């Protein structure tokens, strides 16, 4: 009798729980979760089109299902963002999917559609996944055609493609003769696509605006420029914070490649701007040859990520299109570096070559340092030497500056660098004052600290 009462109680609780659960909760779809076994035996292509909006931010609806109820959430008057992942050698869902969906919905009430083609991307044979890219593009075209028939416009379509997903975006764009609004390619896949003609890969003609981020050009990514603007963080290789040896396991292979996604997500947070400097090469950027962005006035230098389309009008008008932008990042989110130009006018009679370390100190005691040690600088009498300094912290009010000069040599005499004028020019925040210091001597390997003063107008 007591046992019967116990089971009846459990049944009652179960009924109450089921009554309290909404219909929508029972119909939520999730990203396909596979494993290495699936990768070994292979998976046939099956695509879910997982829709998220502010009405269903935590409960995806699959628009690729027959008689899907998800279309009740699809408002074609909104902008639609497609997020398309790439090759999945182990079958696990991308770890960044939930974060990027949330960040998009925080910004605006988009239709966010996660293109889950994990069944098709999960395989140990990369070329099989690459062969499925056009099939995925065909499926996306059917959905977009459906949306257009309900009143959507191609202008409102924005595709964010990662690795192979970048080329899928390009294939979709080609089907509409480049009329879709925008494509962002996040480290487009290189293997099987490098050297291919435009019709077989992502190209700037695939959308009204195409911006691309390259973070693994010496590995899994595509090296050459593909968009109206191509960003090369840290030169497109060896991202800070990523493992340098194979002993780190799978992270060694995927960290650089994935960094493009995390840089993009950082741009959605709007903590700071990842400013790119248009330049011919990474070396030219490093030695300070590319800090002039007058061609974009009244705008500043372009920024990577979601807000890159603010520079669209300037970039698409170039003939031929194609701008490369370089910059360095920090190792961790939000990844920003804060750039300054450091100008030296010296009056030493002999030419000196060496390296500079500069520290900035704020009124509240914070300190940030930049070591300009990748390329030696040449200091000639009465000739200005300009160096690009990059700092991890953004110090608003600089109270003190310290500078160290070294030749890098451990033998021989110690040198002096006689400085007629040193000037610190902010590049990331160009509205801040330019600071100077006049007539001082740097002794090799001896740190010199001083209080900067506003530059004289004649020296700006």
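Note: Cβ is positioned from N, Cα and C throughout, glycine not excepted.
Keep in mind that this is a model prediction, so the values were computed, not measured.
What Swiss-Prot lists as active site, nucleophile is 163. In the three-state DSSP scheme, residue 163 (active site, nucleophile) falls into the coil class.
The active site, charge relay system annotation in Swiss-Prot covers 187 (among others) and is backed by similarity to another entry. All protein chains included, residue 187 (active site, charge relay system) registers 29 other Cβ atoms within 10 Å of its own Cβ.
In three-state terms derived from DSSP, residue 257 (active site, charge relay system) belongs to a helical segment. Counting Cβ atoms from all protein chains shown, residue 257 (active site, charge relay system) has 23 others lying within 10 Å of its own Cβ. The active site, charge relay system feature in Swiss-Prot is assigned to 257 (among others); the stated evidence is similarity to another entry.
Other Cβ atoms within 10 Å of the Cβ of residue 255 (disulfide bond) number 20 in total over all chains. The disulfide bond annotation in Swiss-Prot covers 242-255 (among others).
A coil conformation is recorded for residue 279 (disulfide bond) in the three-state DSSP classification, outside any helix or strand. The disulfide bond annotation in Swiss-Prot covers 279-290 (among others) and rests on similarity to another entry.
Residue density at residue 293 (disulfide bond): 20 other Cβ atoms are found within 10 A of its Cβ, drawing on all protein chains shown. Residues or ranges marked as disulfide bond by Swiss-Prot: 293-301 (among others).
A sphere of 10 angstroms centred on the C-beta of residue 436 (disulfide bond) encloses 19 other C-beta atoms. Taken from Swiss-Prot, the feature disulfide bond covers 436-455 (among others), and the record attributes it to similarity to another entry.
The annotation N-linked glycosylation site is assigned in Swiss-Prot to 67 (among others).
In sequence order, 53, 111 constitute the residues six or more apart from residue 75 (N-linked glycosylation site) in its chain with CB-CB distances below 8 Å. In the three-state DSSP reading, residue 75 (N-linked glycosylation site) counts as coil. Annotated N-linked glycosylation site per Swiss-Prot: 75 (among others), in sequence order, evidence recorded as sequence analysis.
For residue 177 (N-linked glycosylation site), the count of additional Cβ atoms within 10 Å of its Cβ stands at 10 [all protein chains shown]. DSSP assigns residue 177 (N-linked glycosylation site) to coil in the three-state reduction, placing it in neither a helix nor a strand. Look at Swiss-Prot and you will find 177 (among others) tagged as N-linked glycosylation site, backed by sequence analysis.
Sequence annotations record features per position, and here Swiss-Prot assigns N-linked glycosylation site to 289 (among others). Within its own chain, residue 289 (N-linked glycosylation site) has 279 as residues 6 or more apart in sequence whose C-beta sits under 8 angstroms from its own.
According to Swiss-Prot, the N-linked glycosylation site annotation covers 366 (among others), on the basis of sequence analysis. Note on residue 366 (N-linked glycosylation site): other Cβ atoms within 10 Å of its Cβ, all shown chains, come to 13.
Annotation comment: Swiss-Prot describes 1-26 as signal peptide, evidence class sequence analysis.
Looking at residue 290 (disulfide bond) and residue 163 (active site, nucleophile), their Cα atoms lie 28 Å from each other. Sequence-distant neighbours of residue 242 (disulfide bond) (same chain, six or more apart, CB under 8 Å from its CB) are 251, 252, 255, 256, 259, listed in sequence order.
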